[in-house]
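K.L.:
Okay, here's the structure, questions in a sec.
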């Protein structure tokens, strides 16, 4: 009898414990995503704890390119949670900017090179497969981001460049047409009338500060190398070199990132910037998140800031801090530049950092916006006093 009583009490005890555990599970709050505001100069972050349902799906892009974000968000919402739409959203969003000639720094008719021609760079990266499709120095084809998608989907290559990229585009059904407009021609004519100032040449003769060339190499003593690194001749600024960089994430944490640009104004023909370079202009990894960059591509591409930001998030840094780390690596070596980074983790937390401007605007669409899902946000950039004591990463 005592044995049966002990057994019954033991069963009741186990049942009570199990019930308590289940009750605790069922009544515990829904997990939230830590995303506290960062007080560091030049960074911004999601300012309140949000659940996954409130953050995803999402679209985020550089600058106040609203129409591109609105279209990408509309496409993402065509399926529940944005599933299987992230690539479409990024490509069509960037394509919208190409058609609108956003700030004259994306798409045709902007940033003429030294010969007066506009060329295009673009990239698409799949965070699930790590596959990339990119084009650089694309001539006579308006749909750069869509050609990049064809490189991704129809070749085993990562990037095609120049006239060969244009021939590939023709083979894929894209039509050739001039990328020069009356506005871009006038920009070029005015530049040449002002002795081609400013330009990107150095260590050549005749003096590139007062002439248009043609130039020949000028021997440079080793003692001049440090001096020649200065970039005072050509200031890259807000209206000189904007890139649309866009990230889309669905509710299953599938990520695509993309970029499109017409490059630096009055660039030397053949120049390619950071936008089509994986890890520089953009980087995406479903296991971690994604980042996109904009600014002085000649400087930024040397440091792969988008990759650095993603790897910082992999190491546990929140997106805002990860974005700042990407810029700090550059600042350790080069302080005369302008640039910005957006970083987003796989759960939809995001942050941005910038340098060389007063502030950096970017567009976000997500459920967190409630009755205003598409919104413009800004981050104040690292100020002059913050330029010192940059730590090595």
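All positions are counted from 1 along the displayed chain.
A Cβ is built for glycine as well, from the same backbone N, Cα and C atoms used for every other residue.
Feature annotation from Swiss-Prot assigns signal peptide to 1-23; the stated evidence is sequence analysis. Per Swiss-Prot, the feature disulfide bond maps to 97-102, 196-212, 354-381; the stated evidence is similarity to another entry. Residues annotated as active site, nucleophile in Swiss-Prot: 243. Here Swiss-Prot flags 271, 272, 273, 274, 294, 295, 296, 297 as substrate binding site.
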K.L.:
Provide the number of Cβ atoms within 10 Å of the Cβ of residue 354 (disulfide bond), excluding the reference atom itself.
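P.N.:
Counting Cβ neighbours of residue 354 (disulfide bond) within 10 Å gives 30.
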K.L.:
Please list residues from the chain of residue 212 (disulfide bond) whose Cβ is under 8 angstroms from its Cβ, counting only those at least six apart in sequence.
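P.N.:
Correct list: 192, 195, 196.
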K.L.:
Of the recorded positions listed here (97, 243, 354), which is spatially closest to residue 273 (substrate binding site) when Cα positions are compared?
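P.N.:
For residue 273 (substrate binding site), the spatially nearest of the recorded positions is 243.
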K.L.:
What does DSSP call residue 212 (disulfide bond) in the simple three-state scheme?
P.N.:
coil
K.L.:
Tell me, in order along the sequence, which recorded positions from 97, 102, 243, 381 have their CA within 10 Å of residue 295 (substrate binding site).
P.N.:
243
K.L.:
To the nearest whole angstrom, state the Cα distance for the pair residue 354 (disulfide bond) and residue 271 (substrate binding site).
P.N.:
24
K.L.:
Among the recorded positions 97, 102, 196, 272, 381, whose Cβ has the fewest other Cβ atoms within 10 Å?
P.N.:
196
K.L.:
Where does residue 354 (disulfide bond) sit in DSSP terms: helix, strand, or coil?
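P.N.:
It is in a strand.
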K.L.:
List, in sequence order, the same-chain residues at least six positions removed whose CB sits under 8 Å from that of residue 274 (substrate binding site)?
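P.N.:
In sequence order, the residues whose Cβ lies under 8 Å from that of residue 274 (substrate binding site) (at least 6 apart) are 243, 280, 281, 293, 297, 298, 300, 301.
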K.L.:
DSSP secondary structure for residue 274 (substrate binding site), reduced to helix/strand/coil, please.
P.N.:
coil
